[in-house]
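A.B. asks: Features from Swiss-Prot:
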- 17-37: transmembrane segment (TRANSMEM)
- 44-64: transmembrane segment (TRANSMEM)
- 78-98: transmembrane segment (TRANSMEM)
- 138-158: transmembrane segment (TRANSMEM)
- 179-199: transmembrane segment (TRANSMEM)
- 212-232: transmembrane segment (TRANSMEM)
- 295-315: transmembrane segment (TRANSMEM)
- 336-356: transmembrane segment (TRANSMEM)
Amino acid sequence: MKRFISAWNRTSLIKRIAIGVVIGAILGLLIPKITVIGLLGDMFVGGLKAIAPLLVSALVANALSQTREGQQSNMKTIIVLYLFGTFAAALTAVISHYIFPISLKLGAASATKAAAPQGVGEVFKDLMLKMVDNPINALSQANYIGVLVWSVVFGFAMRTASEHTKELLHTLAEVTSQIVRWIINLAPFGILGLVFDTISKNGVGVLADYGVLILVLVGTMTFVALVINPIIAFVMMGKNPFPLVFRCLKDSGITAFFTRSSAANIPVNLQLCEDLGLNPDTYSVSIPLGSTINMAGAAVTINVLTLAAVTTLGIEVDFATAFILSVVSTISACGASGIAGGSLLLVPVACSLFGISNDLAMQVVGVGFIVGVIQDSCETALNSSTDVLFTAVAEKSRWKKS
């Protein structure tokens, strides 16, 4: 038994999740009436639901508190590129939704249609009210918009705090991330339960829906990596960006694909920046910062899953509302890619814009974890490779002007 446990712990999380998916599907076909197996999925989603608001608060506040006033102009350019690139990716995901609308198989609760907001005006009003919610109430009631806003406020306020105070905030973020890592390590069992529950209730045909979801997610991220990012790079540099784009994807993206963590890929990116001959004073700051706030892949994941949930519930979304969704997903993604699967835990933030309950939003998160073996790897590859790309683009743009 000890040998089995040791071998299990040595196996990568990706392989363990894949094993959970296979076993869950087999059990769902063979013994669909043993519903207690689905309890594993309910407990896993419950754990995520419990820690998600605190995770958003801690990571966002910590990330913003670490930014320094008076950064050199090149650093400001990189930050603008990070944020604009993330927003462009979010908008690309919205457009892909209109071209390839997809729906999900959710639980029985989805049979009751969510109250659809009456256009952008109602969405904006609801957004404003959620922003000024009591911060403690926002955490306890999983009001992610309120959590996000207060985290941003506290994060900026903490920029002028003492280093000791910032260290406490950083420690809180680390502790919260560690708890999330413990929960994520239980993902194979939770996903086994989720897949079992899905297959036993909906049959094998539901797997085709997941296949379409994976194609839309990966296709959108590929479009961002090979079309959107090169366009941004060309505008900044004024020359062919593809040699640099492919170098970043090859040397950074491939490694990030397997680590599934932008934070874990920081040493690889720092070495790549050195190989590219970039300014160490710049990339020593921009790469760690990018692993926290440069979230193109996360923005794609959040928007695709949110809009899939919206389609499933029959909610009509105009483009103005979808544009607000892109802004919200860009901001809320701050801090997500430092941990494996972090972007999925931010889907409820975006879902709350459309009046989707936290229970339904967490079902969507569960679907995200089922496809996460591929989604999270591709997302991290896009996020991490873009850190180096935009750092290099900003510096080469300065060289062009000098």
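Each Cβ is built from the backbone N, Cα and C atoms, and glycine gets one as well.
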A.B. asks: I need to check the long-range neighbours of the transmembrane segment (44-64): which residues 6 or more away from its ends have a CB within less than 8 Å of a CB in the stretch?
C.D. replies: 138-140, 142, 144, 147-148, 150-152, 154-156, 158-159, 169-170, 172-173, 176-177, 179-180, 183, 186-187, 189-191, 193-194, 289, 292-293, 332, 334-336, 338, 342, 345-346, 348-349, 358, 362-363, 365-366, 369
A.B. asks: So what's near the transmembrane segment (212-232) in sequence-distant terms, Cβ-Cβ under 8 Å and 6+ beyond its ends?
C.D. replies: 81, 84-85, 88-89, 92-93, 96, 100, 102, 104, 241-242, 245, 249, 253, 296-297, 300-301, 304, 308, 367, 371, 374-375, 378-379, 382, 385-386, 389-390, 393
A.B. asks: Are there three or more C-beta pairs under 8 angstroms joining the transmembrane segment (78-98) and the transmembrane segment (295-315), sequence spacing 6 or more?
C.D. replies: yes
